[in-house]
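Structure below; questions to follow.
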Amino acid sequence: MADQLTEEQIAEFKEAFSLFDKDGDGTITTKELGTVMRSLGQNPTEAELQDMINEVDADGNGTIDFPEFLTMMARKMKDTDSEEEIREAFRVFDKDGNGFISAAELRHVMTNLGEKLTDEEVDEMIREADIDGDGQVNYEEFVKMMTSK
């Protein structure tokens, strides 16, 4: 399944993997998964975290390594995000609930994820998604961005 990913996607997932893998040992534990989920405003229980790991933990060692992570991401991409998941993600970014994601809100979430972006990078991300050119991302634009492969 992971063999259907492009080089670029694999590189992106490698970057995402290292955001999760806080201690850099090449595996993601339930603790590390929990940290990232919480930084995204989610509050999973220990059991839910364990389930998430078990779902992709091919060798059964209780952690996720990069190949397992790739499989998980490929699977997620195949059953493309449901409307509800996208709406949920939008809510995480839209801190003040005004229906738009501003550069400041985007920067805030990315920083929480441990992703230090320059103002230029944040502006570039907004520009890429901002179809109507108002300098922020509305829900429709967000959906387009999330569903365009």
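Using N, Cα and C of the backbone, Cβ positions are placed for all residues, glycine too.
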Looking at Swiss-Prot, which of Lys31, Lys116 is flagged as N6,N6,N6-trimethyllysine?
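Checked Swiss-Prot: the N6,N6,N6-trimethyllysine annotation sits on Lys116.
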Given Swiss-Prot annotates Asp94, Asp96, Asn98 as Ca(2+) 3-binding, which of Glu88, Glu105 belongs to that site as well?
Glu105
Would you kindly give the Cα-Cα distance separating Asn61 (Ca(2+) 2 binding site) and Glu32 (Ca(2+) 1 binding site), rounded to the nearest Å?
15
Determine, using Cα-Cα distances only, which of these binding-site residues is closest to Asp25 (Ca(2+) 1 binding site): Asp59, Asp96, Glu105.
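Nearest candidate: Asp59.
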Going by DSSP, is Glu68 (Ca(2+) 2 binding site) sitting in a helix, a strand, or coil?
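Reduced to three states, the DSSP call for Glu68 (Ca(2+) 2 binding site) is helix.
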For Glu68 (Ca(2+) 2 binding site), which of the recorded positions Asp21, Asn98, Lys116 has the nearest Cα in space?
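Out of the listed candidates, the nearest Cα belongs to Asp21.
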